[in-house]
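Trainee: Taken from Swiss-Prot, the feature active site, proton acceptor covers Asp148, and the record attributes it to sequence analysis. The annotation Ca(2+) 2 binding site is assigned in Swiss-Prot to Asp374, Asp376, Ser378, Thr380, Glu385 on the grounds of sequence analysis. Residues or ranges marked as domain 'Protein kinase' in Swiss-Prot: 24-282. Taken from Swiss-Prot, the feature domain 'EF-hand 1' applies to 325-360, supported by sequence analysis. Residues or ranges marked as domain 'EF-hand 2' by Swiss-Prot: 361-396. Swiss-Prot lists 397-432 with the feature domain 'EF-hand 3'. The domain 'EF-hand 4' annotation in Swiss-Prot covers 436-466 and is backed by sequence analysis. According to Swiss-Prot, the feature region 'Autoinhibitory domain' maps to 288-318, an assignment based on similarity to another entry.
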Amino acid sequence: MKHSGGNQACYVLGQKTPSIRDLYSLGHKLGQGQFGTTYMCKEISTGREYACKSITKRKLISKEDVEDVRREIQIMHHLAGYKNIVTIKGAYEDPLYVHIVMELCSGGELFDRIIQRGHYSERKAAELIKIIVGVVEACHSLGVMHRDLKPENFLLVNKDDDFSLKAIDFGLSVFFKPGQIFEDVVGSPYYVAPEVLLKHYGPEADVWTAGVILYILVSGVPPFWAETQQGIFDAVLKGHIDFDSDPWPLISDSAKNLIRGMLCSRPSERLTAHQVLRHPWICENGVAPDRALDPAVLSRLKQFSAMNKLKQMALRVIAESLSEEEIAGLKEMFKAMDTDNSGAITFDELKAGLRRYGSTLKDTEIRDLMEAADIDKSGTIDYGEFIAATIHLNKLEREEHLLSAFRYFDKDGSGYITIDELQHACAEQGMSDVFLEDVIKEVDQDNDGRIDYGEFVAMMQKGIVGRTMRKSINMSIRNNAVSQ
């Protein structure tokens, strides 16, 4: 997207739309994401309530960001009508925002519902995964790969009806043709399929991700776990599934058989979504037992869910605090590397520029970096590609941003985050139902009942759960260039 006069002037949607304020009145904030905010809104003509996702155009830096938003809207329209996919009502644009109006899901997140209910069994997990894999099958049958399935992306329309579960976020979804191979690394670390990390994948990756969700639903923890993001990736590529630790000795063989079929490392041998739905463990009146699972499963599920929520809040704080000045700093860096002022960085310019910033990367690593950043495969990196490749990675873990996020929670400046301060932050972020004791318990390594800065940083670096890992697998640009 051209930056003439700022991208606010361009039509992201390709045409002028009616003003959203003529049709809807915007209400209170429901949530915050990397690119914008979701509000409650009311249709003026009918009084019906909807959710409105307002995307900040200022943050759509590259052409790819704009295409992602357009594609998300197209895919939501394309999938409209499937009962477990959120219904889009319309999309609108003004000089500052793109607004997507959709069905309101006020019943809360999937994990929260499981935890609140208390009684939980394999049968209940089977009912839930049947809905999730049903969404995958619907997407695949219509030529859509989701690419970012995770529990947070499933909400209940009504908190008393588990069958009202809806998939809500299609921001990373793409259209695919049979046999088409994808290379960009996207998704969330705990859920990513091995072939995605190897940059050679298709729709089978969605079934792997659903298999990870099923493992968590039954045991309370993810199957591939480590202290760092790289450690998680290594575990995913190794593919060893733990069926020995508690609660697995008490879990049915049929459940384990299904998980093995979904978490098969070879995509060609993995179950399809259709095969999963026909598995005896999942079928109606199937073999999934209805006896209560060990209470420790719910307890672990609470801790895993709670830690992710704290991390998401911290990432929002960081994303919102990125200033025009910081983007300007990256602009200067781009200019310094673009020595011939052509508006694009060649391989040689990138290599020379990284050397100036103290990098010791090998040529092959610089080539990988170049490929990851070169979105349009032109052989060079233009300004938009450079900003997109660097802003989403380096900003999240830079020391000053982690410190400012920590200070956001540490309201009294004591050097510790307490349960009261977390409560205050949750209220500010509209996340009042988070299980705060479990957040503290999970993150607090020295068991003093509060979170210090070291514990906070360790949590943030344990598998970032942001909206996308796009390009973050090429960690070296952050370590060698931008942290200077």
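Count begins at 1; order follows the chain as displayed.
Cβ atoms here come from the backbone N, Cα and C positions, even for glycine.
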Trainee: Taking only the Cα atoms, work out how far Thr380 (Ca(2+) 2 binding site) lies from the residue listed as 'active site, proton acceptor', in Å, as a whole number.
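Mentor: Between the Cα atoms of Thr380 (Ca(2+) 2 binding site) and the residue listed as 'active site, proton acceptor', the distance comes to 28 Å.
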Trainee: When the pLDDT values for the domain 'EF-hand 1' (325-360) are averaged, what is the result?
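Mentor: For the domain 'EF-hand 1' (325-360), the model's average pLDDT rounds to 74.
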Trainee: Once the chains shown are all counted, how many other Cβ atoms turn up within 10 Å of the Cβ of Ser378 (Ca(2+) 2 binding site)?
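Mentor: 10, counting other Cβ atoms within 10 Å of Ser378 (Ca(2+) 2 binding site).
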Trainee: Roughly how many Å lie between the Cα atoms of the residue listed as 'active site, proton acceptor' and Ser378 (Ca(2+) 2 binding site), rounded to a whole value?
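Mentor: Here the two Cα atoms lie 27 Å apart.
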Trainee: Could you break down the residues of the domain 'EF-hand 4' (436-466) into DSSP helix, strand and coil, giving a count for each?
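Mentor: Once the DSSP states are binned, the domain 'EF-hand 4' (436-466) shows 16 helix, 2 strand, 13 coil.
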Trainee: What's the number of neighbouring CB atoms sitting within 10 A of the CB on Asp148 (active site, proton acceptor)?
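Mentor: Summing over all protein chains shown, Asp148 (active site, proton acceptor) has 22 other Cβ atoms within 10 Å.
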Trainee: Give the number of CB atoms, excluding that of Thr380 (Ca(2+) 2 binding site) itself, located within 10 Å of its CB.
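Mentor: Around the Cβ of Thr380 (Ca(2+) 2 binding site), 18 other Cβ atoms lie within 10 Å.
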